Amino acid sequence: MSSSSTSIMDNLFQRSLEDLIKGFRLQLLGESNFISRAVEEIRREIKATDLSTKSTALHKLSYLAALHGVDMSWAAFHAVEVVSSSRFQHKRIGYQAITQSFNDQTSVMLLITNQVRKDLNSANEYEVSLALECLSRIGTHDLARDLTPEVFTLLGSSKSFVKKKAIGVVLRVFEKYHDAVKVCFKRLVENLETSDPQILSAVVGVFCELATKDPQSCLPLAPEFYKVLVDSRNNWVLIKVLKIFAKLALIEPRLGKKVAEPICEHMRRTVAKSLVFECVRTVVSSLSDNEAAVKLAVAKIREFLVEDDPNLKYLGLNALSIVAPKHLWAVLENKEVVVKAMSDEDPNVKLEALHLLMAMVNEDNVSEISRILMNYALKSDPLFCNEIIFSVLSACSRNAYEIIVDFDWYLSLLGEMARIPHCQRGEDIEHQLIDIGMRVRDARPQLVRVSWALLIDPALLGNLFLHPILSAAAWVSGEYVEFSKNPYETVEALLQPRTDLLPPSIKAIYIHSAFKVLVFCLGSYFSSQEPTSSSLAQESSSGSLLVNVFTHESILSLVNVIELGLGPLSGYHDVEVQERAKNVLGYISVIKQEIAEQLNLQDNETEASRVTAFMEDVFSEEFGPISATAQEKVCVPDGLELKENLGDLEEICGEHLKPVESDSVSYTDKISFSVSKLRIRDQQEATSSSSPPHEASSLLAEHRKRHGMYYLTSQKEDQDSNGTSSDYPLANELANEISQDSFNPKRKPNQSKPRPVVVKLDDGDESRITPQAKTNIQTANDDESLSRAIQSALLVKNKGKEKDRYEGNPNSGQQEKEESSRIENHQNSEKKKKKKKKKKGEGSSKHKSRRQNEVASASEQVIIPDFLL
């Protein structure tokens, strides 16, 4: 009595879902605190024995889980209890909670099997509906296997409300339990002949999903689908049938010829835009070889494009993008409308128009379309502006710049892109500047000019997104300095004070490029001092006319400028900048004194000429493009064993792997001590090189012999390190003039020039495909099994259908009878062969697995429907 009174009191004072929502809107505790208190209250209420109290608590928990992501997996057993209630209101709340929270790993999943079976057999159609909806959402292999008989029964229900939901749940049952196809598929196909539009819509929807997964398995049902296409007047049913035929026509060309006329008829007569668009999409994607149908579809697309509704306009552009690969003339006919759509307010319309413009690009119109797009990029928002830039870059660089004839024009276009205010595609432009330099020799003079104009543009230094472009420009200026008209101005641009705005990694590239320029200028100067080789040196490089223009004063001035600019960087905080700066300053310290004293530089044995000649050799090797798959082609050397587990490091390193004691010296002290010991040892070895080797040397040699695979090659690189900012004045005032000439947006490509040679790789330049397909292997295997089951069911159905047809109609044509007898003879012969094989193989294996039987039956020839012949 006490427990009963307690449950009544709990139910009386329990807050309903409506009270919870009102309290949530008026709460002052904060959202998280209120939800925590509500969940604690629900945990207490859901333990009540009264199902009304329990169901109300479960209802509130479902609300919190749906809107606020509260975990409700802990209430799984309580949901099973509520479902078992005889009241429909409680049952509905329980099924909702199960649908919302159950998954394949739910521990109490098996407890609902009998309850779902009971509800599927209920006389109340609404309870049956709840069970079917739940099964369609959480159905597992076990549930599908155990409930297949009930689903089969409901497929023949006289209640339309129940039958359409049973048809919908069949798809989930087929996916989870493939043997259900043998039981339910025939009855599912029979529903294609129903006159009830709701049931027909449901069954066509199921076959639409099956055809998407595997069109081949649905091909024998083409006559039934064709009948629906011709007879149905329900637009949504027709749309689904069109989706089915769009898949089937791709694998059976004769089917396209058969369905083209009914589809065109629907396009002519219907006023429903949704049906017209689906007809258009079916024609342009699957019936593109039918010229009359394509022309009608393009005319309908034109009607979509001129609509004021942005949704219809987008659909028209989307249809044009589908038809573009095979019928580019359709896009060219609507070019003006597509260009006009670039200024539409809807971002989706603009994006689709951009994709269409890029589909039209070829070597004849790339300049015109690029000019149009650059104008739109200047006045577009940052997001769409960068989408335009990326599209142009992708189209122009496709297949090693196959549509670019005039690379001087294209490099100027890249410079123009860099100056667009919203440009954030610095890395893409950087890649193309370097890539063109490595691939196209004839483009290097213009590349150097564009790079110099980029370096002296002060606006680019303050934009973080454009720093990669400046990095590429600096590298190009140093790598191809022989094409520079004035190396002195290049050095000024590389060492200008505003380069302090750049990150250290790019600043290091600036310094290294200045080093390359200095080496080139000194090399040219020394070459010009040699009387026997001065004329030869002038002709050695077709791109450089600067061999004889360097004088003693200009070289000395250049050295002083670089020394002045890099001096402060010898104490720079970044180690790479510091190291590169000290490398250059060390080189200058070697050659400056000889140049300043005007020694006889005609003597090849001077220290300056020797060092310069060596550095020229270092920088003389040209870089070329490298395939993205080059690393994969490197063969592992014979005898090399890379152990996955480096467990033997303890044996090799010994005591060095022991943990450091807490009272030992610090890590920094150890490093300093080790470095000082190494220096002392080097000095001792230098002073006593003739003395006998120490015992440690022999031990080291023995250790290296035993564990040589863990040693690097012994090559010493003695380099200094340092760096910081420069206060050298800006480049000369002619920079703006020259940069404007380089980035003239009205400049057109010179079509009369022959296309320069572009270096291509033998295995292509495409990037390696990411292994995303591996994640879909299990899904593909499941779809394959389902496909085999459907094909087996269709073969059985077709055999019975053909037999009934020819036996029941003695007046059938002679050709059909011959075809039928041929198929039966073929099947009988196949059966005889299988029996013989089975007798021969009885000694080794007496039984064939069920999967092998399915594969054998699915591999039989699919009968092509007669209406295609």
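Glycine too: its Cβ is placed from the backbone N, Cα and C atoms.
Copied over from Swiss-Prot:
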COMPBIAS  769-780  compositional bias 'Polar residues'
COMPBIAS  815-830  compositional bias 'Basic and acidic residues'
COMPBIAS  831-850  compositional bias 'Basic residues'
MOD_RES   Ser2  N-acetylserine
REPEAT    107-142  repeat 'HEAT 2'
REPEAT    180-216  repeat 'HEAT 4'
REPEAT    292-329  repeat 'HEAT 6'
From the DSSP assignment alone, can you count helix, strand and coil residues within the repeat 'HEAT 6' (292-329)?
30 helix, 0 strand, 8 coil
With helix taken as DSSP H, G or I, strand as E or B and everything else coil, how many residues of the repeat 'HEAT 4' (180-216) land in each class?
33 helix, 0 strand, 4 coil
Integer mean pLDDT for the repeat 'HEAT 2' (107-142):
94
Within the repeat 'HEAT 2' (107-142), residues counted as helix, strand or coil by DSSP:
28 helix, 0 strand, 8 coil
